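What follows is one structure encoded as structure tokens, with my remarks underneath.
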Amino acid sequence: MSIMKKRSSRAADPDELLCCCEYIDRHGSRSHMVACCCDCEDLDEACDRWMNKEPQNPDSVSRALATINDRLRVPWISGARQIDVSLIPPLILLPVFLHIAALHYLLGIIMLTAMPITVLWYYFFTHRKKGRTLFFLGLALFSLFYMFYLFLTQVVPRGEVTELQLAVVTAGVALTVIFLMLTKRGPGLVRPRPSETHSTVTYHSTPPDVDGVYLNGARHQVVIGSRVASSEHTGEPGTEEEEEGVQKRNWCAVCKVVRPQRAGHCRICGVCVLRLDHHCVWINSCVGLANHRTFLLTLLFFLLTSIYGISLVLASVCPDQRVLTALFYCPDVYSQYSSALCFTCAWYSSIVTGGLLHLLLLQILNISLNVTEREARLALREKSAQRRLWGLIVHTGHYSRGFWSNWTEFLTMTEDTQPAGHKTEDLV
């Protein structure tokens, strides 16, 4: 074990390949899965404090949890892959809660009320810490596939669903996954432009106007952004000070770029995104210039598939009721466990569908007014926007050029069509 411990603590060599059970830990050292229980000072300290009945150090507990999370891995060809523990709760809790809710209608009310409250609590908990989590993406994907699995195993065998209807539901699930994959390709990041760089200099000490670029005491060549425009470009007095103020306000110290108009820095992803709309926890990614259209199509196909699937389920388990009323009145549905489970899943899908319908409505209204969700929040914070329809419509008046022009711009927007000017933007 001492040999394994010594091996796991040595520095990583970038030219040396990893075996299937080796990985680079969060400290940059080469480690092995067999050594997962070795050399954990933070865990030892937490156990010692617990054994001695001493108060725990919050930092040591968080470091111990981070170490445990870092060492939860599975063997892979190019090295052991880390397992995100936030993926585990949806895989276990969702089937358990739904099967418990199918036992009795009172349990169904309790579970279907507790589930969204728990998810909202976890959302605000993680959003406050500005941390990334795969919990919501895992919950969304597992809900989609688990509902489809129950549809195939519980509803289709009843004989009420035709082959054409099954093909439509299957195509809807497939299109939802395809457009989700396209959305996950990236929101479109802000890159340094050639016009924003004017010199390449090698520094032996950190300049006062530039962030440090020293790594391990070595000097590195850095490109200095045009954060201050010289007066010779315009020849007008006072332009230098104005340009300096604009450039400094839009300079992102984290990404080392000057943000163009309508771009913003996401604290969760740690990147600057072109035409940033919002960070969506359900896809674990930002929605920006490059993936906004595919994000909208993902929502649309999911909602159409979900609504159609719910109608088929209710028509199967409540044949004597209309689809619009069966969700609220379906007598004897709890007489059989299979029917109760299908009915419970229909209610769960309806709750999810209602939330995503609200999101789709907000997206359509924002696109119609040519405003992003981020711009709407900033305008409301600065009290410079008009609110209508109980806050569903937020009109800033900055970029709107009419309904058809706004939608044309959204459907045809590219990085080249974005305005090059700079505007003061806050972080999200």
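The backbone N, Cα and C atoms fix where each Cβ goes, and this holds for glycine too.
Taking Cβ-Cβ distances under 8 Å and a sequence separation of 6 or more, the neighbours of Cys280 (active site, S-palmitoyl cysteine intermediate) in its chain are Cys286, Val287, Phe295. Secondary structure from DSSP puts Cys280 (active site, S-palmitoyl cysteine intermediate) in a beta strand. Here Swiss-Prot flags Cys280 as active site, S-palmitoyl cysteine intermediate.
Residues or ranges marked as domain 'DHHC' in Swiss-Prot (evidence: sequence analysis): 250-300. On the 0 to 100 pLDDT scale, the domain 'DHHC' (250-300) averages 89 in this prediction.
Here Swiss-Prot flags 1-82 (among others) as topological domain 'Cytoplasmic', drawing on a curator's inference.
Helix, strand and coil counts under DSSP for the topological domain 'Lumenal' (100-105) come to 3 helix, 0 strand, 3 coil. The annotation topological domain 'Lumenal' is assigned in Swiss-Prot to 100-105 (among others) on the grounds of a curator's inference.
Feature annotation from Swiss-Prot assigns topological domain 'Cytoplasmic' to 126-132 (among others). Residues of the same chain lying 6 or more positions beyond the ends of the topological domain 'Cytoplasmic' (126-132) and with a Cβ under 8 Å from any Cβ of it are 267-269, 281, 284.
For the topological domain 'Lumenal' (154-160), same-chain residues at least 6 beyond its ends with a Cβ under 8 Å from one of its own Cβ atoms are 166, 312-313, 315-317, 319, 338, 341-342. According to Swiss-Prot, the feature topological domain 'Lumenal' maps to 154-160 (among others), an assignment based on a curator's inference.
Residues or ranges marked as topological domain 'Cytoplasmic' by Swiss-Prot on the basis of a curator's inference: 182-294 (among others).
Non-local neighbours of the topological domain 'Lumenal' (316-350) in the same chain are 98-99, 101-105, 108, 111-112, 115, 143, 147, 150, 154-155, 158, 160-161, 306, 309-310; each lies 6+ residues outside the stretch with a CB under 8 Å from one of its CB atoms. Under the heading topological domain 'Lumenal', Swiss-Prot lists 316-350 (among others), citing a curator's inference as support.
The topological domain 'Cytoplasmic' annotation in Swiss-Prot covers 372-428 (among others).
Swiss-Prot lists 83-99 (among others) with the feature transmembrane segment.
Distant neighbours of the transmembrane segment (106-125): 97-98, 100, 135-136, 139, 281, 340, 344, 347-348, 351, 355; these residues of the same chain sit at least 6 beyond its ends, with a Cβ under 8 Å from one of its Cβ atoms. Per Swiss-Prot, the feature transmembrane segment maps to 106-125 (among others).
Per Swiss-Prot, transmembrane segment is recorded for 133-153 (among others), and the stated evidence type is sequence analysis.
Here Swiss-Prot flags 161-181 (among others) as transmembrane segment.
Swiss-Prot lists 295-315 (among others) with the feature transmembrane segment. Counting residues 6+ beyond its ends, the transmembrane segment (295-315) has Cβ neighbours under 8 Å at 144, 147, 151, 155, 160-161, 165, 168-169, 172-173, 175-176, 179-180, 183, 280, 283, 287, 321, 323, 326-327, 330, 342-343, 345-346, 349-350, 352-353, 356-357, 359-360, 363, 367 in the same chain.
Sequence annotations record features per position, and here Swiss-Prot assigns transmembrane segment to 351-371 (among others).
With Cβ pairs under 8 Å as the measure, the transmembrane segment (133-153) is packed most heavily against 83-99, out of 83-99, 161-181, 351-371.
Outside the topological domain 'Lumenal' (100-105), and at least 6 residues removed from its termini, the chain residues within Cβ reach (under 8 Å) are 111-112, 334, 337, 340-341, 343-344. Counting residues per DSSP class in helix, strand and coil order gives 5 helix, 0 strand, 2 coil for the topological domain 'Lumenal' (154-160).
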